[in-house]
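Here's what Swiss-Prot has on this protein:
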TOPO_DOM  26-598  topological domain 'Extracellular'
CARBOHYD  Asn68  N-linked glycosylation site
CARBOHYD  Asn76  N-linked glycosylation site
CARBOHYD  Asn83  N-linked glycosylation site
CARBOHYD  Asn89  N-linked glycosylation site
CARBOHYD  Asn121  N-linked glycosylation site
CARBOHYD  Asn183  N-linked glycosylation site
CARBOHYD  Asn217  N-linked glycosylation site
CARBOHYD  Asn310  N-linked glycosylation site
CARBOHYD  Asn347  N-linked glycosylation site
DOMAIN    399-585  domain 'GAIN-B'
CARBOHYD  Asn422  N-linked glycosylation site
CARBOHYD  Asn529  N-linked glycosylation site
DISULFID  Cys538-Cys567  disulfide bond
DISULFID  Cys555-Cys569  disulfide bond
CARBOHYD  Asn561  N-linked glycosylation site
BINDING   Gln591  17beta-hydroxy-5alpha-androstan-3-one binding site
TOPO_DOM  652-661  topological domain 'Extracellular'
DISULFID  Cys660-Cys732  disulfide bond
TOPO_DOM  724-739  topological domain 'Extracellular'
REGION    865-902  region 'Disordered'
COMPBIAS  870-884  compositional bias 'Polar residues'
Amino acid sequence: MKKLLPLCCWHSWLLLFYCDFQVRGAHTRSHVHPGFEVLASASHYWPLENVDGIHELQETTGASRTHNLTVLPSHNSTFVYTNDSAYSNFSATVDIVEGKVNKGIYLKEGKGVTFLYYRKNKTSCISNPAQCGPEGVSFSFFWKTQGEQSTSIPSAYGGQVISNGFKVCSRGGKGSVELYTHNKSVTWEASFSPPGHYWTHVLFTWKSEEGLKVYVNGTLRTSDPSGKASPAYGESNDNLVLDLTKSYENRAFDEFIIWERALTPDEIAMYFTAAIGEQLSLSSTPPSFSVTPTVNTMAPTNAYHPIITNLTEERKNFRRPGVVLSYLQNMSLSLPNKSLSEETAFNLTKTFLNTVGEVLRLPSWTAVSEDSAVVPGLIDTIDTVMSHITYNLQASKPQVAIVGSSSMADFSVAKVLPKTMNSSHYRFPARGQNYIEIPHEAFHSQAWTTIVGLLYHSVHYYLSNIQPASTKIAEAANYKNCLLSATSYLISLEVSPTPKLSQNLSGSPLITVHLRHHLTQRQYTEATNESNRIFLYCAFLDFSSGEGIWSNQGCALTEGNLSYSICRCTHLTNFAILMQVVPLELTRGHQVALSSISYIGCSLSVLCLAITLVTFAVLSSVSTIRNQRYHIHANLSCAVLVAQVLLLISFRFEPGTAPCQVLAMLLHYFFLSAFAWMLVEGLHLYSMVIKVFGSEDSKHRYYYGIGWGFPLLICIISIVFAMDSYGTSKNCWLSLGNGAIWAFVAPALFIIVVNIGILIAVTRVISQISAENYKIHGDPSAFKLTAKAVAVLLPILGTSWVFGVLAVNNQAMVFQYMFAILNSLQGFFIFLFHCLLNSEVRAAFKHKTKVWSLTSSSSRQANVKPFSSDIMNGTRPATGSTRLSPWDKSSHSGHRVDLSAV
């Protein structure tokens, strides 16, 4: 702290000096800094640091008020030496307040609580700001991150300041102030960057008609002018407490001051400059102010060297992005207000940006995109440093420009007189496909104009997973579950005074932003997927609320495609192209229609498949039904039946539950088994029609291994490696997000391709036979054989699933309906073509009926001759000549292909 000249030391010295001046009268008022008068008007003051006895608990009897400062009688005064000031050594007498617990302000510590503020009325202006009247109230303190508590400096440690009326806290890399009025039940809240390793001054004011304002290091950072209704306040403390939170880092407080009125911006500026030991020059138009250096106007490069060196050394200890951000923010606020030569400004800019670039490459930053506040906060800090450099850049000629490149960004720092600009526009960068252009007519000021340009090289990689609800992009908020991500470089341009631009996007002049897209592999895959809609937004980081929020207000995308975007904007700031990928969703009408088709079709299929299995079981004694072809039909029917029953049941379970997860595993197995048996159907058809090989018995065990064993193996592997992918998304099925769905899609696509090939080959053979039959017999019905064969084979080969591949977007809606109809009715078509309309099944059923009839009559007439054993064995009895069907004619024609398999 001594090394860096902390702000709190100046504050302590100034207050002690002023108290000594009032008590002893050793000086004249003409030499007093105007900030002393602001300090003297305070209602209460606690030094907290470097004050012996501050941790002792004492009774406050006979407390008196002197010079508007809360003090004790002189015999309780504490004599303080402040000998660590970089400017001079002084000693003075300061009186502090100490008293009973439950009466005011406290320090929370491991050994207990130290009393600091005594007030008989618990509903005071401090504990309830509504009691302050129209004058309002102001609270001021210094705050910083403290790594380890020092035993030699009894600072007040804590992570928050709380009372019954307000709370100041720092959590997760974000500072905030909350203020509550009990009579109207209204809460005011404002956020700001929390302190880091440097002392940071926080001052906030509140007035009923102005609301809450938060000043950090003398500058207004954020505000809440209106507040919001709040029936209950989260904390309940009649006293003011400096609290030690459970955060991983400690924070130290110093110089706590209360004014029972709202300070003006000028008063805040005077007080802050007095605290840091600078002279104040007030302008005629408050609240702006400038700090006038007390030394020569030119500062050598080494005036900034300690800060850069310290940053380079400290980054070795950085592990968490929030800590890094706090450190950089406080470093940016501690830069000296000294003039910079061009060489010094260039070295400082490049060193700072290179250092930040090295910090971004730390392993802890790989997941920083999950924290939406860290990267915008870092960008805001960089803007602060660059603005400081530009403001202090010494202009020795009408145009001063510093242009360079670092590992972090390309940069341009310029200070120019607009009248010396000869071109029709100002462009940054001067070359390349990523740039911002400002028309010359927008530069209306005749005074010095500062321009800061930054083109970040890799920050866009960290601008992903942006929640639409946390942005000001209304269009993106319509798809709250679809995250935003940057697809271009982040480019920044700041001009002061602000250019005069049209406030209407249809007017002129406007800013032109041209950005090339740099898509990751994942972004490109999603953008080119026809099942997704892509939205591109010209967005910028809006820091008006104290934190960076993405917005597209005042910007419009005028031209572009997947490679680039051109935007027109009414303002300057940090720009990037954000992409939002929205999966295509069906309208409510289509969803209801497709769901109804699925329910009705699956229910009908379940009934038909059950009838089919019962029919095959009853007719299993007939030889024509007992062959391998009908065994395969029965196994396929069983797999499809169980899969569709489970599918209907799964609609009743909530995703993410254990039953839903179990159902997803069973659905995976039985649907995969259904596809496997479709493959068996194709292989068996190929062996019977195209290439006859082996006996049925030799292939039997292979078919069962393919139909039931292979799907089981795939499911076991999938469950072992992707257990969490089952039943966790929108339904009881495999997750689409992590690739687990390919454990079903890949085998299914393979089977569809194989079966389509088999279907084509079989269709060619049938077509040849049909043509031959037409030539020999002249039967025109033979041409119908091809169409009939295809219709019969489609349900058992599963080729109708190809419509699922074609149904990828709203433009292919007809394929979605075809897919829903054909696949939900797969069981019905199996029953129709391979049971109800199948000539062999009908013949077997007739024979079985005759057997039942003869068996029944034989029990009544013993002399009735039993039915032929051939019929019992399933062989066809000799019958009279019948007209040959086209298929029978084909066998008589001498063709060696057996089409009974079809």
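Counting begins at 1 with the first residue displayed.
Including glycine, each Cβ sits where the backbone N, Cα and C put it.
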Cβ neighbours within the same chain of Cys732 (disulfide bond) - under 8 Å, at least six residues apart: Ser650, Phe653, Pro655, Cys660, Gln661, Leu663, Ala664, Leu667
Fewest other Cβ within 10 angstroms of its own Cβ, chosen from the disulfide-bonded residues Cys538, Cys660: Cys660
Recorded positions clustered about Cys569 (disulfide bond) [Cα within 10 Å; pool: Asn347, Asn422, Cys538, Asn561, Gln591]: Cys538
Same-chain residues near the topological domain 'Extracellular' (652-661), Cβ under 8 Å, at least 6 residues beyond its ends: 726-732
Spatial neighbour of Cys567 (disulfide bond) that is closest, considering only the recorded positions Asn347, Asn422, Asn529, Cys555, Asn561 and their CA atoms: Cys555
Asn422, Gln591 as recorded positions, winner by CB count within 10 A: Gln591
When distances run from the Cα of Asn217 (N-linked glycosylation site) to each of the recorded positions Asn529, Cys538, Asn561, Gln591, the nearest one: Cys538
Asn347 (N-linked glycosylation site) and Asn529 (N-linked glycosylation site), distance between Cα atoms, whole Å: 47
Proximal residue to Asn561 (N-linked glycosylation site) among recorded positions Asn347, Cys538, Cys555, Gln591 (C-alpha distance): Cys538
Subset of recorded positions (Asn347, Asn422, Cys538, Cys555) lying within 10 A of the residue listed as '17beta-hydroxy-5alpha-androstan-3-one binding site', CA to CA, in sequence order: none
Candidates Asn422, Cys538, Cys555 (recorded positions) with Cα within 10 Å of Asn347 (N-linked glycosylation site): none
Length of the line joining the Cα atoms of Cys555 (disulfide bond) and Cys538 (disulfide bond), in Å: 6
